[in-house]
Every structure is written in C-alpha cells, then in structure tokens.
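Participant: Take a look at the following structure, please.
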C-alpha cells in the first residue's frame, strides 16, 4: 500500500513538473518573441480601427441620406476590398486581425494584465478568449475575401440561430449568450461614462487639452460599441425566450433598426462607431502592451 502511495505521489510530482516545464517553455518563447508580438498586436489594433471606422462611415453616409446600407465588420471588409488597391489592403488587414486575435489569446492564457483566477478575472479572460475566436474568424473571412476576390458564401445569422435552437439545450445556450453580450455591452457603456478605459493608454506626451479630446473620442466610441453589442445581445435573449430566430439582429440589423427610428439616432451611433475606430488607432499608438506573465 505504501508503495502504491509512493508511486502515486511520484506520478503527481512528475506531472506537476511536466506542466511547469511546459509553462516555462511557453513563457520563455513568448518573452523571446515579445518585441515582434507587441508590434503585431499594435498593428492589430490599427487594423481593427480601420474595420470599425469603415463600418461607422458607411452607417454615417446612410444617416446623412447619401445612400448605401448599414453593414457589419464583414461588410466593411467587403467595401474595403472594392477600393483601389483594396486587395493589398485586405491582405494587410488579414495580418493585423490575426495579430489582434493572437494578442487576445495571450491575454486570456498568460494573463499579462494580472486579472488572476478569481471569478471576476476568469470572466475577463474568458471574454478575451472569445474575442480571440471571433477575430480569428474575421481574419479567416478576410483571407478568403483576399484569395477569392469576392465575399465567400456563408450562412446568415438567422440560419445559425435556427441551428442553435435545434440543439438540445440550444434555447438556454442562446439565452446565456445573449445575456452575456447584453451584460458586456452594459459594462462598456459604464466604462465609457467613468473613463475607466483610459487606464491602459499612456498619453504623457499629450497636452492636457489634447488628452481630453482623445478621452472624449474614446468615450463616444466605447459607449457606441456598448450600445450596439447590448442591442445584439438583447435580440438574442428575446429570440431565445421566444424560441425563434426572427427578430435576432447582428450589427447591421441593429443599425438598420436604428434608422427606422430616425436618421438622427443612427447618426449618433454611426459617429460613435467611427470614434471607436479612431480609439482603436489611438490604442495602436499609445496602449501599454505587456507580453508574457
């Protein structure tokens, strides 16, 4: 019996040492690649800014009666692809979006910002992981767009929601996703109002009036993003409650719905979305980025 305990203890110690060795190897590799990863993360923020800025501009044109239609980030990429040298721009955005997705993955796994393993910290890190997945998916869409020269055919959001509702427990899963998105949108609005989002940017070289202007742009952008995400989350929650995909809206659907309420409301959110794109570029230049634990 004693021998079995010794064997079990030895295996446990060996397993712990193996895990620690893997973690140390990953950490060492990340630290070695830190300068390149930081540059890639910054390029990722700039790329994200280009996508959201385009989304905001298209919505603003619609609000001002200049034609066009509201779209989401995939639609924005499609419009960028139609620009002169659009093919080159899309390839650059592929690299940038992959860089941003990798940065979010590092934030989730290595916790360089020290959120820890408490419930609140784990929720934030799970959010970074989800952001990584969605941005990898957007990067893949951009890659297919660049490689094929046209938007790849895919399922609409309504089709995806209908499939989820057919899963065992799909209605509950959809409702939880909607509530999570609604809650995240609310947190974004709260951070915009409090200015909490400014903690991770270094604007020491800015004059006070310029730093204040940057903060106002960031507040408008983060708040607008929170409103749109919250509206998407609310539509998912309502769809789960009804057990129906009808009425579920993505970003483009939310912006279109806002236009139905008046061009002024759409214009405010569109301008805010444009500001969010600018804020992403500010982060590309001035965000404090620490790679590794």
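Glycine is treated like the rest: Cβ placed from N, Cα and C.
Taken from TrEMBL, the feature domain 'DUF1206' covers 43-110, 126-193, 220-287. If you look up TrEMBL, you'll see 88-106, 172-194, 222-241, 265-286 marked as transmembrane segment.
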Participant: With Cβ-Cβ distances below 8 Å as the criterion, list the same-chain residues six or more beyond the ends of the transmembrane segment (265-286) that contact it, or say none.
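Facilitator: For the transmembrane segment (265-286), the list is 42-46, 48-57, 59-60, 62-64, 70, 200-203, 214, 217-218, 220-225, 227-228, 255, 258-259.
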Participant: Against which stretches of its own chain does the transmembrane segment (172-194) lie, if we need a Cβ under 8 Å and a gap of at least six residues from its ends?
Facilitator: 127, 161, 164-165, 218-223, 225-241
Participant: State the mean pLDDT for the domain 'DUF1206' (126-193).
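Facilitator: The predicted confidence over the domain 'DUF1206' (126-193), as a mean pLDDT, is 86.
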Participant: Using DSSP, how many residues of the domain 'DUF1206' (43-110) fall into helix, strand and coil, respectively?
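Facilitator: Helix (H, G, I), strand (E, B), coil: 54 helix, 0 strand, 14 coil.
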Participant: Per DSSP, how many helix, strand and coil residues does the domain 'DUF1206' (126-193) have?
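Facilitator: Across the domain 'DUF1206' (126-193), DSSP assigns the residues as follows: 57 helix, 0 strand, 11 coil.
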